[in-house]
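Down below is the structure, laid out as structure tokens.
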Amino acid sequence: MRIFTASSTENCKHFNIEGKCSRLGNKVLALFETRKRQLELCLGKNLRQRLFRSNERCNFYQYRCLNNDCIERTQLCNGRYDCTDNSDEGFCDYSGYCPDHRAFMCHNHQRKCIPLNWICDGILDCYDGADENDCNDKKGNFNVKQEFIFKSMVSAQNWIRLLRKSEYSVRRWGSDVERIAVALFLSNETVFIENDAVRNEFAYESSLSLLSRLALKKIEDVSSTELASYVNAFIVTCIDPRKFYVIDLVRELRKRADATNYTNPYVMLALCNAGERITVQDTEKLISVFWRASREFWKDVQALAVLALACASKQPHKVLDMEEISELTMELKKMQYRNGTVENIKTTALVMQALFASETEADEDHFDEEKALKQILLAQKDDGSFGNFMNTYYVLPVLNYRSLVNISSSHCKTPLINETEALKELMNQVGEKWSIKFSLWIGNNRTIERTLTLNVPANISFYRIMEFAANVDKKYRFEYNVRNGKPYIYSISEIQEDPENGMMWLLFTTTSDSEGDVTQIMKSPADVVPKNKQHLVFWYKCAAWTQ
């Protein structure tokens with residue numbers, strides 16, 4: 001192998017390696033990587049620049065032609081010119097020394113030269129797999145490279161995508177849809193920018209998940225951490241969490257945060273991601289939580305507290321500076337074990353996220369990020385996961401140099417998805433449909449009657465059905481008040497309740513058109529889930545207390 005290094009920089013002369021030829025072995029490769037890393041440090045490249053901030057034109061799965069064009073790496077030496085300068089078919093059936101831009105010789109029937117950074121990157125480029133021999137042994141004797149991190153991230157993303165049940169008509173992503181959306185966004189936000197279908201499916205699934213919860217429970221029965229997960233998912237899928245049907249989720253979370261002396265860092269982080277102003281009192285609570293968690297050895301909570309504080313420090317009004325949390329980040333760094341981990345893979349990933357969010361450069365004197373990354377890479381299973389969903393959820397952002405602080409809606413080119421569009425998607429979905437009859441009776445003697453028979457997805461709330469009816473027939477348009485986070489109807493077809501005359505809109509269920517065969521429903525429409533072929537009636541009549 002002929003090894004070349006850039007060496008004109010005055011301060012780096014002692015790192016030069018004279019050009020030489022040798023058979024490639026693990027020792028030579030290790031020497032090359034060590035000298036390359038020393039040179040990068042001497043030239044001002046720190047750890048994060050070396051591992052995450054790539055200036056390469058071509059991605060991991062591509063070959064860079066001599067004229068800087070990019071082709072798929074499988075097109076190298078395929079017997080056809082794919083580079084416009086034909087450089088991809090040079091050094092393909094070759095017996096001389098490989099050039100420095102393709103310094104590794106595949107010793108098989110083809111004898112092609114490949115780029116040195118393709119060695120030990122997890123992809124077989126040589127016919128006999130020589131480029132992947134003796135690479136990643138069980139002892140972890142390898143150097144962390146950009147190529148390894150990227151390959152690991154793609155494998156984890158593919159494992160996440162396999163969680164999708166394509167045979168299902170709804171809830172294809174299961175109960176973890178909110179976290180899945182966030183993990184995929186933070187590891188590759190271009191998926192949400194360039195593929196509206198993917199983003200919209202996550203938007204629909206996550207909104208349906210919360211609506212289904214609210215159809216059976218009051219908003220107060222949904223925990224704050226669950227609401228925080230919905231807020232984060234809605235942000236990345238371009239749904240406005242402040243205008244989610246009749247509920248302002250951000251306001252609800254803020255109300256809960258203000259009602260107690262203790263605050264959950266994850267809830268505060270969601271509020272910050274949603275643009276809610278973080279106050280001095282909020283930061284004091286977070287710092288208090290951090291030190292309490294330190295006494296209890298809750299390292300995950302400490303990392304989340306630093307993430308929330310880092311987010312707060314980036315807000316325009318600045319209630320604290322990043323320097324003010326340096327004492328907290330130093331506490332996180334003290335937790336690292338000799339092998340690079342912080343307790344386990346999940347906690348290691350959370351601490352890495354906290355350091356990414358709070359420090360612009362790695363503090364290599366107090367925390368070995370490279371060793372931590374190596375342990376994370378070694379923990380990856382053959383299926384691409386990191387052992388379970390929770391580990392993979394926290395690791396994926398780290399592999400893309402991101403954290404939960406990077407949750408954002410800045411990629412949303414169009415206005416946030418409105419209720420009408422979400423409703424259309426719901427009604428047009430494939431799957432079981434139920435026939436629901438919805439009538440309006442106006443007057444004590446039913447002077448005016450209207451009836452719609454609607455085919456709607458099974459197990460949705462009557463409130464959603466009312467919305468659908470209002471889009472089908474404007475006579476069914478309605479207005480409502482909000483009580484305890486639930487909608488209560490006071491006007492339909494532009495006919496408002498008349499308290500002086502005791503005329504009210506009352507909800508009934510019936511099995512026939514007979515007035516004697518009706519049963520009043522005292523719940524909000526959001527709490528009513530009709531059965532197949534059920535008949536529901538909103539009747540504008542005198543309330544019982546007026547008779």
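The backbone N, Cα and C atoms fix where each Cβ goes, glycine too.
Annotated features in TrEMBL:
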BINDING   D300, N344, Y488, I489, W505, L506, L507  cyanocob(III)alamin binding site
DISULFID  C58-C70  disulfide bond
DISULFID  C65-C83  disulfide bond
DISULFID  C77-C92  disulfide bond
DISULFID  C120-C135  disulfide bond
DISULFID  C272-C311  disulfide bond
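Everything TrEMBL records as a feature, shown here on the structure.
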residue : record                           : DSSP class
C58     : disulfide bond                   : coil
C65     : disulfide bond                   : coil
C70     : disulfide bond                   : strand
C92     : disulfide bond                   : coil
C120    : disulfide bond                   : coil
C272    : disulfide bond                   : helix
C311    : disulfide bond                   : helix
N344    : cyanocob(III)alamin binding site : strand
L506    : cyanocob(III)alamin binding site : strand
Inter-residue C-alpha distance, I489 (cyanocob(III)alamin binding site) and C77 (disulfide bond) (nearest angstrom):
70
Spatial neighbour of C77 (disulfide bond) that is closest, considering only the binding-site residues N344, Y488, W505 and their CA atoms
N344
Reduced DSSP assignment, D300 (cyanocob(III)alamin binding site):
helix
To see if you understand the setup: which same-chain residues, six or more apart in sequence, place their Cβ under 8 Å from that of Y488 (cyanocob(III)alamin binding site)?
Y480, N481, V482, S524
Let me know how many other Cβ atoms fall within 10 Å of the Cβ of C70 (disulfide bond).
16
Of all the recorded positions given, C65, C92, C120, L506, L507, which has the fewest Cβ neighbours within 10 Å once its own Cβ is left out?
C92
Over all shown protein chains, what is the count of other CB atoms within 10 A of the CB belonging to N344 (cyanocob(III)alamin binding site)?
15
So, in DSSP terms, is Y488 (cyanocob(III)alamin binding site) helix, strand, or coil?
strand
Surrounding CB atoms that lie within 10 Å of the CB of C77 (disulfide bond), all protein chains
22
Determine the Cβ neighbour count for W505 (cyanocob(III)alamin binding site): the number of other Cβ atoms within 10 Å of its Cβ.
22
Near L506 (cyanocob(III)alamin binding site), meaning Cα within 10 Å, which of C70, C92, C311 (disulfide-bonded residues)?
none
Any idea what the Cα distance is from C70 (disulfide bond) over to C83 (disulfide bond), rounded to a whole Å?
8
Work through the disulfide-bonded residues one by one (C83, C272, C311) and name whichever has its CA nearest to the CA of L507 (cyanocob(III)alamin binding site).
C272
Are there residues of the same chain, six or more positions away from C311 (disulfide bond), whose CB falls under 8 angstroms from its CB, and which are they?
L269, C272, N273, I278, A357, V405
